[in-house]
Amino acid sequence: MSSTLGYHHPKNEYCRRLRWVKVVNVFMNSPKVFHVPLEERKYKDINQFGEGDQAKVCVDIMHKTGAHLELSMAKDQGLSIMVSGKLDAVMKARKEIVSRLQTQASATVAIPKEHHRFVIGKNGEKLQELELKTATKIQIPRPDDSSNHIKISGTKEGLEKAKHEILLISAEQVQRFCVFTCIIFRLSLYGEDYYTVSSVLAPAWLHRFIIGKKGQNLAKITQQMPKVHIEFTEGDDKITLEGPTKDLQMVQSQIEAIVSDLMNRMDYAEISVDPKFHRHLIGKGGANINRIKDQYKVSVRIPPDNEKSNLIRIEGDPQGVQEAKKELLELASRMENERTKDMIIEQRFHRAIIGQKGEKIKEVRDKFPEVIINFPDPAQKSDIVQLRGPRTEVEKCSKFMQKVENSYSVSVPIFKQFHKNIIGKGGANIKKIREETNTKIDLPAENSNSEMIIITGKKANVEAARNRILAIQKELANITEMEVSIPSKLHNSLIGSKGRFVRSIMEECTGVHIHFPTEGSGIDTVTIRGPAEEVEKAKRQLLSLAEEKQTKSFTVELRAKPEYHKFLIGKGGCNIRKVRDSTGARIIFPTAEDKDQELITVVGTEEAVHEAQKELDSLIKSLDNIVEDQMTVDPKHHRYFVARRGQVLRDLADEYGGVMVSFPRTGTQSERVTLKGAKDCVEAAKKRMLEIIEDLDSQVTMECIIPQKFHRSIMGPKGTRIQQITREHNVQIKFPEREDLQGGNGEPNGEVKDLADPAAPKKCDIIILSGRKEKCEAAVEALKALVPVSIEVEVPFELHRYIIGQKGSGIRKMMDEFEVNIQVPAPELQSDVISVTGLASHLDRAKEGLLDRVKELQAEQEDRALRSFKLTITVDPKYHPKIIGRKGAIITQIRTEHDVNIQFPEKNDENQDQITITGYEQNAMAARDAIQAIVDELEEMISEDITLDSRVHARIIGARGKGIRKIMDEFKVDLRFPQSGAADPNLVTVTGRPELVDEAIDHLLNLEEEYVCIKAIFSSLNHNRDGIWTHFVVCIGVLFFTVTLFKKKKKKKNAPDMSSAEDFPSFGAPVAAKASPWGPKRF
């Protein structure tokens, strides 16, 4: 029991609290009832109600959405489903119910294609909302689909709702383009502001500059005038504006000013460049085109490959556009005039051309900077050196490099129609000729009228290649094509594994190409094309092979070491051709791509195969028959063969089938040398060694006098330089022992020796060379060229410290680059002379590099003087924080954009309003104008003080200022809340443009009203728990009425009946419970 004095029994108090919890739960989790008519039910089996598939679907929906479902069956056999839970869960459950428990229908609605995007909404949010609201599935055609029909699937009720909503959206868009309706609509919304549609003429290529990077320029306009809609149409030379007349006029004037400014200071140009050169213009990783963009401050659009367009567009500053256009055209012209040339230079000369650490090839590249010189990888053992660059420069470079290795060149006239046959399928023919003759073959371009084919290489190789090409032309004059019928089931066996069989026929029948139909086509016709005689020969072999495959084909596999294959084949294939002709069997050797390099296949009749196998076994056995032979070699020549870890012996083994050559031990003075291997290989190796010995016997000894102090420099790091000379000139070089000065008069035992001729060279200065006379002479010249010399270079004393660099890094870099020693005089001498010591070939480059560095430093000094221009601007200190921006964002942007240094006054400075700008004069002026523009904008702003209940300040500011930052960003204003202990804790200052300040103040006052109202509600609830339900209903009713009235303030609506106890219940009075379809409420 409870007393009338307000005493509450603990039990009753608990019940009231429980009742309040239930009221809140009912309000927050209000159930919804959905009805599914019998004719639309998917599961109509009454006997399985609450069981079977229907129950499983309901359980699944509850698990998926988190909502609670209760099913009941009406008298008309319709299904009633009560869904309870959170609102979003209920809506999701409703969608699942409609799609899984109710039969689906479909319909289409046609609206203009341009309205589809409004149905989709931003990021598809509108479409998702529509599907959730109507419980339907809406399919909108893709942008590239010309259809304007939207397909809707769902329940009949949902279909009607969705169609209605879509047509409503379309109607709203139609109204936007109807001026009269638009004016009426805008009048109702904005009062006196009339709505206008206008346009600004602007070339389409300027649109992206008007919009700005990531829409920055356009965002500034739209943030100031959010009611104005700005639309850019691709390819259209105008910008459409739509919005209130007053706002639109301001936006139009701003955009017209931007367009006028851009037209005055921007231009564009279009150039035509062959698409095949586009990637070269772009450069690796976009290096070339990015450099041009940055250097000339322009935008360059190069069409993608799929467009196959040759039009390149340049946009930007007029002068920059012209300069970029000129450079791009020069690059394109250079590339059109560019050619590639291959030079045949024996690989053994490559190192001589490159030089120690690349110094010699660097000289060539410096002399021909526009030519790219590519040497093959040493592992490839290729003699082809590739030159690429402008035609004239490539020719000059080629002639220059031919001084090292004479390359013979000849032009062969070949009928144009036969060029493709010389090239062969996939370049097979020309590649084969190049590899077998070791020549470079250049064919004219397809669009050229020239018939000349240029062959370059050694004279003998060039003549061989020329004869082969002429032979092909001669054969092509008698080209014929023949069709042979062979059962398709035999084609695979005739082709062989990886084409081995058919390839062997084509190799044997020169110039013949055999084409088999596509596998599985069932066609029996095989085409043979080539010279008439060779076609007949290939036909006979192909038919013979087919007959063998069909009747009595026999195959045998033999194995032989890969190094024996060239001996089995013989020079020009003479050995293997002899076996084929005598036996009639086909012998196939492995190609370089085959995994098993020892496998040899013999195909033919059983008798022919056995006969060929017998002959091959005999040849292989003779090669396997290892013999041992001896020869006499003078011990003085032994060192040559075993030097460099036996390199000469390894070369002999590689060249002559793995022959092993054994020399006697050092010190035995034996002349007998043993050779072991196949008989033919031993004989060939023996013959080659005799040639080498003959060459060694013709060697001479020569002296080269160079002061001992230079010997270490000549040898180079770890003797690399001397080793290079030894290899290049094929000589032996011996340096003298170092002079020992420990004994008296230079003798080791201290004995005094008669004074020698002072003009005679010292023993320690004499370097001995041995080899052929001409080789030794060349080696002496090479040694003398390595003797370092010194020169003096004049460099102003004040630049010496910059030449040296930080901790000597600058001078070390130059010494490493030019391979010289640079001596800078001591500072106290104040001398302008720098000494450079090094090889004569390096000194000129070093001097030139040093003088270039002096020019760079002088240019930097001049640049520093230009960059030191100072400018002072007077700005009220109250604006300094605004100019600096949050975390220095604004001032950093100005510094970066104008490349200047901006210094604000320190706290203790006398002139607190002085801002100093340092940089180039032009940039400093531009930065000053940018700061002045910010100040002018700030001076236009106003500040208004409003009274805002201090209790809501924390709510408005939000956690870590998140709320206040959002308001400031949204309305572009500055908010200042009072500090703790302020005289007026409710005073808030709003600063910004007048119109934005008004909007921000309205927003703040609305927030205050909402927060105070809610606080009053809960405060009242805490103080009067007996009237808890009444207060709750009243407050919710007031809030609902306020929101509804605010949203529909422009629509006429009957005023609420304030005398109604239902709409406006009095505090503490009982409220009549409304009837519920679920019966009376129980708390």
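Just so it is clear, glycine is given a Cβ too, placed from its N, Cα and C backbone atoms.
Keep in mind it's a predicted model, so treat the numbers as computed, not measured.
Feature annotation (TrEMBL): of 348-379, 540-571, 1052-1083, the stretch labelled region 'Disordered' is 1052-1083. Contact check: the domain 'K Homology' (789-855) against the domain 'K Homology' (337-406) gives at least three Cβ pairs closer than 8 Å, residues 6 or more apart, which meets the contact criterion. Secondary structure of the domain 'K Homology' (337-406), assigned with DSSP and counted as helix (H, G, I), strand (E, B) and coil, comes to 34 helix, 17 strand, 19 coil. Each residue of the domain 'K Homology' (625-694) gets a DSSP state, and the totals for helix, strand and coil are 37 helix, 17 strand, 16 coil. Counting residues per DSSP class in helix, strand and coil order gives 41 helix, 16 strand, 12 coil for the domain 'K Homology' (265-333).
DSSP places the residues of the domain 'K Homology' (103-171) in helix, strand and coil in these numbers: 37 helix, 16 strand, 16 coil.
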